[in-house]
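Listed in Swiss-Prot:
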ACT_SITE  H115  active site, pros-phosphohistidine intermediate
BINDING   K9, F57, R85, T91, R102, N112  ATP binding site
Amino acid sequence: MDRTFVMVKPDGVQRGLVGEIVSRFEAKGLKLVGAKLELLPEGRVVEQYREHLEKPFFPGLKAYIMSGPCFLMAWEGKGVVAVVRRMVGATNPAEAAPGSIRGNFALDIGRNVIHASDSPESAARELGIHFAAGELVDYSRIDEPVLYE
């Protein structure tokens, strides 16, 4: 089964959206295999967003991510990276579909509530940044036989 990394950013945590976001993914049939609430240190923020290091918005992004706790999650499911990205919505909330997480809860591209890996390769890299090997749990959901062929 595939895995992906999802992070509720400080604005989402501070607005009390963690439960709503977890509920949406669970209702879809995805399996939560790791979760923790953390104040991210600078080194991990830089590693997480390394593709943006030279962009003019990076200092603000780094300060924002470090401004409060983030809720880090590992999710598992068939095609989970694409499923989660669709549920999260476009990076720019103005372009996010109504009903998506960003479409419903975000107003500003700089405070867009949530991060989700954009490819299986990014998911593996980001999970490795934020979770140690023993922190992810293998188990079966009782409804898996109903969800998957």
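Cβ coordinates come from backbone N, Cα and C, glycine included.
Predicted, not measured: the structure shown is a model, and the values here were computed from it.
Recorded features from Swiss-Prot, shown on the structure.
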| residue | record | Cβ within 10 Å |
| --- | --- | --- |
| K9 | ATP binding site | 22 |
| F57 | ATP binding site | 12 |
| R85 | ATP binding site | 17 |
| T91 | ATP binding site | 14 |
| R102 | ATP binding site | 22 |
| N112 | ATP binding site | 22 |
| H115 | active site, pros-phosphohistidine intermediate | 20 |
Conformational class of the residue listed as 'active site, pros-phosphohistidine intermediate' under the three-state DSSP mapping: strand
H115 (active site, pros-phosphohistidine intermediate) versus K9 (ATP binding site) - Cα distance in angstrom: 7
Largest inter-residue Cα distance among K9, F57, R85, T91, R102, N112 [record-listed ATP binders, Å]: 22
Listed binding-site residues among F57, R85, T91 whose Cα sits within 10 Å of the residue listed as 'active site, pros-phosphohistidine intermediate': R85, T91
Helix, strand or coil at R102 (ATP binding site) [DSSP, three-state]: helix
